[in-house]
Amino acid sequence: MRSFLYLRVVVSLFSSYVNACDRCLHSSKASYFSSASALSSGACAYGSMATSFFAGHIAGAIPSIYKDCAGCGACFQVRCKNPKLCTSKGTIVMVTDLNTGSQTDLVLSSRAFRAMAKPGSGADKYLLKQGIVDVEYQRVPCNYGKRNLHVRVEEASKKPNYLAIKLLYQGGQTEVVGIDIAQVGSSQWSYMTRSHGAVWATDKVPTGALQFRFTVTGGYDGKTAWAKRVLPANWKAGRIYDAGVQITDNAQEGCDTCSHIWN
């Protein structure tokens, strides 16, 4: 029964995510936090690591982008609509927090907010004085170069009863909506559940080295990314492990009638 309910939850989440047209161009407003720590300590639970992503270009996003935590780690290209102040390309930010306390779709770090401005003209300082600006934004693939997806074992993990992990450096333009775990070489899979933010957990921890299967919203039917050997048998809390795979899929949802990213 638990497996059936888990499958229904994954299917439901997948359906809601692919129906949200991230690839479409949206017009809204953006504001900023003067301190990036407010975003790095946010709902996605990246902690101080968040400021290292995309040179500290991070953002809090409204619930339709945050997607009950699944939007954590998603990347968006954002530009302000004032051509006298801002460049045509804007900047790319990564979602690290939920934004519910402002009248804007996105709250950027001040570094990301300034990065929308034209360089060398003092426009960045004037942009900060504005506080809130009109913007266009659209989801884009996260690009970490040659870096694989990484798995961080959270400090709350304790053998043999509890394992909590956080996904880092997830590429592409899709969400992970399910994670299965098994001992390396075994076909006895059990599922993890999302604990909070980017953190997944299970109280059914297999022994030995561990493999993972990630259910991803890639394309209309989704897909599975199989990381065949991720955690060693002597995994330790606080450590970060290379998953040996990367998720590079782009969203395939049908939004042909929407406007798309600027040139």
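Backbone N, Cα and C define each Cβ position, glycine as well.
As recorded in TrEMBL:
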SIGNAL    1-20  signal peptide
DOMAIN    41-147  domain 'Expansin-like EG45'
DOMAIN    161-243  domain 'Expansin-like CBD'
Query raised in the report: Looking only at the domain 'Expansin-like EG45' (41-147), what are its DSSP counts of helix, strand and coil residues?
Result: 28 helix, 33 strand, 46 coil
Requested in this report: Could you break down the residues of the domain 'Expansin-like CBD' (161-243) into DSSP helix, strand and coil, giving a count for each?
Outcome: 0 helix, 46 strand, 37 coil
**Report entry** Local confidence of the domain 'Expansin-like EG45' (41-147) - pLDDT mean
**Finding:** 93
